[in-house]
Amino acid sequence: MKPVRRGQTDTALDISSHAKTNGDFIKKMNTTDSKRLKLLEDLKGKLEVECKIRDGAETLLQVFDTNFKKETKERKEMLKKKCTDELESSKKKIEELVSSIESFQGENGEAKTGSTSLTRSASATVSRKSSLQEKYSTRFSYKAGCSDSCSVTVSGTGELIGPTRNAHSNLTPTVIQRIDFENVNEKNNSSSEDTQPNGKRPSSLQSNFSQFPLNPWLDNIYKACLEGSMKDVIDSSNNLCEYLHEHSDPAYAKNFSLITPTILSMLELNVSEVTASVYRLLRHLFLDATAFSCCQMLNLPWILSKSLLSGTDAYQIEREQAFRLIRTLYFLSSTEGHEDYLSGITRTIISICEHVSDVSRGIAVETLIELMIIRPKILFKANGLRVLMISLIDGSISENLAASAALALVYLLDDPESACYVNLPYDIGILLSPFTSSSSRDTFNSSEEQSEQAAKAMKSSAKVASVLLNSWSGLLALSTNDFQALRSIVDTLRVPSFAPRSDVIDLFFLIFQVEYSSWSESFLAGKRLTVVKNQAVSNDDNINMVNIPDGSNKKYMSLRQHFTAVLLFIFLELGLVESIVCMIRASDDPSASRKATYLLGEVLRLSDELLPIHLGAKIQSLPSLFNMASQFTAEDRFVATSVLQSIESLNRVKFHSATQPFSQTTSLLFKEQKTDGSFRGQRQVEHVKLKMGMQIDDSHFRSMLAETNVLATKNYQKWRWDTLVQIMEGPLLSPKRIDETLRTTKFMRRLLAFYKPFSNRFSSIQNTKPNQKFIKVGCLVFRTLLANPEGVKYLSESKVIKQIAESLSQIDGYSEQVSEPIFSNSRLQKTLTHGYFPMLKVLSSQKEGHAIMERWRIFTTLYHLTELRNRDDLIIIFLTNLDYRLEGHTRIIFSKALNTGQQAVRLTATKHLAALINSESANDNLNHWAISLLIFQLYDPCLEVCKTAVKVLNEVCARNENLLAQVVQLQPSLAHLGEIGSPLLLRFLATTVGFHYLSEINFIEHELDNWYHHRNIDYVDLLEQNFFLSFVSNLKIIDKKNNEPDENILPLHFYGELVKSPQGCEVLESSGHFESFMGTLVEFYDKPLGNEAIRQLKSALWAIGNIGKTDQGITFLINHDTIPLIVKYAENSLIPTVRGTAYFVLGLISRTSKGVEILESLHWYSLMSLMGTSQGICIPRHAGQVLSTPRRNVEFVNERVPTPEFSSLLSSLTNSEREVIRLVSNLSNHVLTNESARQLTKIRSKNAKVFSSKRLVKACMTILGKFHYRVQIQQFVFELFPYSVLLSSSTSQDLNESPSRPNNLSISA
């Protein structure tokens, strides 16, 4: 049931009649003459009421559909009918009243008044009622957690009373609530009076106010304030907020003088919920910088500060809305005067951040974080940056909020103009203090609660440090003053008595993004390491692919690996390895020693993978450990040998488990094949074992058959399945053995009987990981039988194939349906029934198997299954488990499903084509067929399928040049896909055939102009966005999504693909674009740049880098002597992200042999593989060449010097007021606080009038805005002054003191 407003019916449209008919008034005409004039006034008043009802009804009908769109159709018709009836009734009554007035005036000889002016007259303002001074007992409630459109609601009976976006939100007040007859007379009597601060509007505003669009709402609010109806005040304010939310108009901001009296009347009530409504209303009204004029009229900073300092739960709504309004003011501030105006509020928020137990501390921290991004100068002037940093690492806020603040700090440091507000390295060193200060853990040893707080502080600091160290801005900031901050972290590992050393190790795990696995957790727990070979399970939805950005078969390191390389190199130069060894030698904690050993092993692995041999050789040799281990008389020899053995065991286990921490990408398409020497050797060993198994003698063979227990029992749980695998992979591959087994034993018959679907043995086994061995053995049985003609004959006559066919026909829609089919959805999920499809894959891999499937009409059944619309799960299973190397029914079935299946089927089948192309058994025929289907999928009606097909073809072309040539020969049309097909077309540029094809369709000319003017900058934005999203996801700041772009994949660049062909190089040279990029680099070097100039510079760097990463494009860089200039950018640029971009670009250039040579001459070393090919990573000889930055001194802003205005204000104060100022100033002194507070309390008790001085309150508020005070002190100062004084300077006369909040002048020391 919807809430009902006070004085309304449940529909808010059933308006009661206040006027009587014309006949009623004719009867009154016979009264005495003394009553005639009063009756005439009554008629005019009622006519005015009816005019307002008519106007309101007309307005409501115009916006009816908008305001009542959430109502049901029947209710809307009923409400609309009532509104129409009321409109007609009002018009009829107006006619009667006008006729009566004209007749009555005619009888008295009065001049007639035109009906138009009578019907359109507006009521004047009303005087304040005495009820304003009464205390209100209404109970308030608030809907917490609301958005920008949330409402403050009030109820006197405990019910939640609207409006919060309900059907009555925007009703015109005159239609919602009738005006009483007595109020009309009172308003008419007071219309000529000026409204003073005691509740009257100035007469000079009457004409403008009557035409103001917000007049109905403001008038209703104003009247409710005078009547003291808190519910009506809040309801009307909510209605106005709803209107402003949907009809915001900057013109309203120019009429603040019309709005201010209503706002003041609300503030004078001094009720928390009404004040919250004021803040919400102002937030909707403030649209630009003109809002600060209204702030000055209302003394808004003082009121807001008082609201923020109201620490009890009763003021929660008010504080929340105050913070929202303050954020709006921060966003709208645009001048230095605005920043100074907000300094007092900012210092109040800073003091709240310092107060750990304050309930609003979290939102105060968030506000300062937002302020650091949009207006850092305000925060700097209030000395709030250091307070904010301390609050991030004290453990009182969440890790994610601390990480978000670190991201904001990174944003601040990236801009040279805003970075000057950070005092490096001291301000940023605060964030690392929990790891470098010995008191960080010792101070919390007194209680369990404080120890938990210390642990939270460590986690928050680690999160913040990892964010900073994984960004260029943060890394450069921490490298200031010869890596002072980073060096202190590394050196803490050398201090034996330093308690948080284990936390420092955890910090390095987070910095290098070391992933834990089951075996690593076992090692850290002190358990013995066991080697478990990883059995790769093919999964099309989670297949890895290395970064192949240039379209060749070469594998290059990603941008993330490039960044990790320089980060690792810095810590190695700072002595990380030696510090870890010192910690291991001196640690008495076995757990900490194991953790340090594991970190040492990961550091060695990363240095081997990411650092050039020139830089990593010394680290890999571990001189200190080997020296300790080789000295037999040393006490630490056992420790050294134990560490070396542990590292060797870790590397061995890691190798056999085949973990690849850097190769996990979001590619859904490819799996890196194992082609290393160990895998080839393993295959050779297996081949030898297979040959030896086929040559065993008869007795050994019979013994193996007996060991399986198949001949002894039908209970499959007693069978030796490992022995069965050995027999299938060895002896039974011999024609002699299989023939003998089939003729003389029941071995194969009993084995196949186990797999019959209708026997409910294999088909009823639960689908668990250990039970997957039954599927593997079943596939081996089918493969073994197909390897021999006798086995093929036996299998074709076996009932197992027949029953599989019959089971499939149970659901094909053409046969008789059964209640519980074998291949039901539930059985596929819960049992091993899905294992029959891998067995069918074995059959479909050979011609003999095709013949068996044709005999039992399995292909016909599969054709029928593709037509099902409610079994996508089944279709997907058999499509992904058939073999398509042979031409025939399998390919036709796949093509049919690809064309006519549901969207999920088509999408999965498109992805499966990529797995087929990448499979080990793929041949040219299969690849050509798969590519032709992928081309066809480019025209699928589903956009997601098209995107997947483009992605598959793009990665296919990047992986194999022969497949790229096949795709180009088919000449697919991608015009209908727009930007989605651009990456695939860019691949075509790498070949001569593709270049000519793109030239014919004018693609090159169009893209050349598009990239030069627009796409170059878009490329920068895309790359940085992908890098950032992956960065915050890896640090678990946000949840990782499946469709999240991967920073490992470098997006294709038009110029990089263009120069891969000779014809493309000619086009680039004739266009003159490279010279333009070079001009940008030369022009912007060592100059202050704006945001657009920075983006343009980055786009030029990436364009040059992508050109220089190819053997043909590097010539352009050599001819223009580009590489030394890029090195200067990497070493000297004042903009961190530009320096990082130049560093990445040098990595691209190092992919060519000529680039490696030039970089080496400039003292930059490139990472080379064992085969002598570059890996796309280059590192300077010394880390200081790129990262070390000089100490930055921040200019101190002294705002404590009195301004002339403040000095003049002080000179006008009386002696008593000056004494108050002196005592308030002393409150900031911890020594004088208590005595000053007592003196101020004494003055207030003896001479309270002194605190009603507007001069004094202005002086005190100015002092609070210039100096730092604790929360308790600020609360105390605000409680000294009556609430009315804070509003007084916005009017021309003193205000009578309104009912103020209870004053509590006692403060704690």
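Keep in mind that glycine also has a Cβ here, set from the backbone N, Cα and C atoms.
These numbers come from a predicted model, not from an experiment.
According to Swiss-Prot, of the residues Ser151, Ser210, Ser1290, Ser151 is the one noted as phosphoserine. Cβ atoms under 8 Å from those of the transmembrane segment (285-305) belong to residues 244, 248, 250, 252-254, 256-257, 259-260, 263-264, 267, 275, 279, 322, 325-326, 328-329, 332-335, 338, 341-342, 344-345, 348, 1257, 1261, 1264-1265, 1274, 1278, 1286-1287, 1289-1290 of the same chain, restricted to positions at least 6 beyond its ends. This prediction places the mean pLDDT of the domain 'REM-1' (24-110) at 69. Within the same chain, residues 356, 361-362, 365-366, 369-370, 372-373, 376, 418-419, 421-422, 428, 430-431, 433-434, 453-461, 463-464, 467-468, 471, 473-474, 1032, 1035, 1037 sit at least 6 positions outside the transmembrane segment (392-412) and bring their C-beta atoms closer than 8 Å to a C-beta of that stretch. Cβ neighbour count for Thr1203 (phosphothreonine): 12 (other Cβ atoms within 10 Å of its Cβ, all protein chains included).
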